[in-house]
Amino acid sequence: MQKYISEARLLLALAIPVILAQIAQTAMGFVDTVMAGGYSATDMAAVAIGTSIWLPAILFGHGLLLALTPVIAQLNGSGRRERIAHQVRQGFWLAGFVSVLIMLVLWNAGYIIRSMQNIDPALADKAVGYLRALLWGAPGYLFFQVARNQCEGLAKTKPGMVMGFIGLLVNIPVNYIFIYGHFGMPELGGVGCGVATAAVYWVMFLAMVSYIKRARSMRDIRNEKGTAKPDPAVMKRLIQLGLPIALALFFEVTLFAVVALLVSPLGIVDVAGHQIALNFSSLMFVLPMSLAAAVTIRVGYRLGQGSTLDAQTAARTGLMVGVCMATLTAIFTVSLREQIALLYNDNPEVVTLAAHLMLLAAVYQISDSIQVIGSGILRGYKDTRSIFYITFTAYWVLGLPSGYILALTDLVVEPMGPAGFWIGFIIGLTSAAIMMMLRMRFLQRLPSAIILQRAAR
């Protein structure tokens, strides 16, 4: 029992800074929306539309680079720190190549925006302008993620938290300058949010690099000599590990986007209630997602040390802590669902629907916690392909079709509206949780030599 308590303390010490960093990141998006809304409703809508395209694109790159964390954690645990610098350099090359692709996609996103049904031309122009300003921040964001993943792979999660809050503090005044045109800058409205956010991502990257260059704990890595040229073999391995994670993230984000589109014809009350419940459950998701990042680090580190039993302990502890957290957040959601809904909207119909959907959200919080922490465990074992297959099957083969049938057809019951999609979420997330656990048990039952060989790839 003592070993689980000790492991839980280590996991929470790693996870809490990640939680705070994620809160800072979420707050940046909130600040952009509020400040653009203060300028005009059209500008706020433009930022929302632009963000809905930016997120899937940048999260694809983000997911690809998540492969670095278990690689570095495993090298750190095995005492092969002299190889870390080379992996990080290749991570920067990969981030650079992916940035170019993302920037090309975002530059041409106007075709998608202008093809939206009944979109106002002025709104479309502002959304395109926002994206074309924001896309210059894509390299800065991905370079920052490489540096952050280096730190987190070495069990240093506080720097990412600090840089996140630096970014938030810089974002507010820079937004103000470019939205309203102060200090000689042009008045850009919502487009100014894109300029400001792009600049902030570069500030965060440069601040993180400054920390890494000064950190005593990374002196040996910093001083390691090696080629700065692209290494196709290393980059191929990073892509093999990272691409399934990137695709899983992409399909998860697009799932919720598709559901939002399917709910939109049902009416304002249904759309508003669905959005409130989804926004709140997204905030609660920060907790298990951050714990999953910590579990990846601990499992990778223990496997690097050659201890499959300690890796199992880290995995089981992560799941136990995650279930405890999810139970508490579910109780909180059920107890205060109406008060939470009132923070978003005071329309009685919207509040009633949102409160009902939050009950369903509370049901799936435990499944959601298990599946996301399970994904973190599998990343630690470098078993990333299974994450993609499980996520795609659970969300797109089981969850979305079930939700569609329940919400919009009478094949099983009378059309349930948004609640049907939320039951679909429960089916999808519960299926993902079960499959993640089965895969984890399969891996952990392999001979230790095979587990360690797979982890050392």
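Using the three backbone atoms N, Cα and C, a Cβ is placed for every residue, glycine included.
According to Swiss-Prot, the features are:
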type     : residues : note
TOPO_DOM : 1-10     : topological domain 'Cytoplasmic'
TOPO_DOM : 32-52    : topological domain 'Periplasmic'
TOPO_DOM : 74-92    : topological domain 'Cytoplasmic'
TOPO_DOM : 114-126  : topological domain 'Periplasmic'
TOPO_DOM : 148-159  : topological domain 'Cytoplasmic'
TOPO_DOM : 181-188  : topological domain 'Periplasmic'
TOPO_DOM : 210-242  : topological domain 'Cytoplasmic'
TOPO_DOM : 264-275  : topological domain 'Periplasmic'
TOPO_DOM : 297-313  : topological domain 'Cytoplasmic'
TOPO_DOM : 335-349  : topological domain 'Periplasmic'
TOPO_DOM : 371-386  : topological domain 'Cytoplasmic'
TOPO_DOM : 408-417  : topological domain 'Periplasmic'
TOPO_DOM : 439-457  : topological domain 'Cytoplasmic'
TRANSMEM : 11-31    : transmembrane segment
TRANSMEM : 53-73    : transmembrane segment
TRANSMEM : 93-113   : transmembrane segment
TRANSMEM : 127-147  : transmembrane segment
TRANSMEM : 160-180  : transmembrane segment
TRANSMEM : 189-209  : transmembrane segment
TRANSMEM : 243-263  : transmembrane segment
TRANSMEM : 276-296  : transmembrane segment
TRANSMEM : 314-334  : transmembrane segment
TRANSMEM : 350-370  : transmembrane segment
TRANSMEM : 387-407  : transmembrane segment
TRANSMEM : 418-438  : transmembrane segment
**Prompt:** So, do the transmembrane segment (314-334) and the transmembrane segment (11-31) meet, by the test of 3 or more Cβ pairs under 8 Å (sequence gap 6 or more)?
**Reply:** yes
**Request:** Rank 11-31, 127-147, 189-209, 276-296 by Cβ pairs under 8 Å to the transmembrane segment (53-73) and hand me the top one.
**Result:** 127-147
**Message:** Please tell me whether the transmembrane segment (160-180) and the transmembrane segment (11-31) touch - that is, whether there are at least 3 C-beta pairs under 8 Å between them, with each pair 6 or more apart in sequence.
**Reply:** yes
**Message:** Check the transmembrane segment (243-263) against the transmembrane segment (11-31) for contact, please; criterion is three or more CB pairs under 8 Å, pairs 6 or more apart in sequence.
**Reply:** no
**Request:** Among 11-31, 93-113, 189-209, 350-370, 387-407, point out the range having the most Cβ pairs under 8 angstroms from the transmembrane segment (418-438).
**Result:** 387-407
**Prompt:** Counting only residues 6+ away from its ends, which parts of the chain sit with a Cβ under 8 Å from the topological domain 'Cytoplasmic' (439-457)?
**Reply:** 74, 78, 237, 300, 303-304, 306, 308, 311-312, 315, 374, 377-378, 381-383, 386, 390
**Asked** Where else in the chain does the transmembrane segment (276-296) make close Cβ contacts, counting only residues six or more beyond its ends and a cut-off under 8 Å?
**Response** 11-12, 14-16, 18-19, 22-23, 26, 69-70, 73, 152, 157, 256, 260, 314-315, 318, 321-322, 325-326, 329, 333, 340-341, 344-345, 350, 354, 357-358, 360-361, 365, 368-369, 372-373, 375-377, 379-380, 422
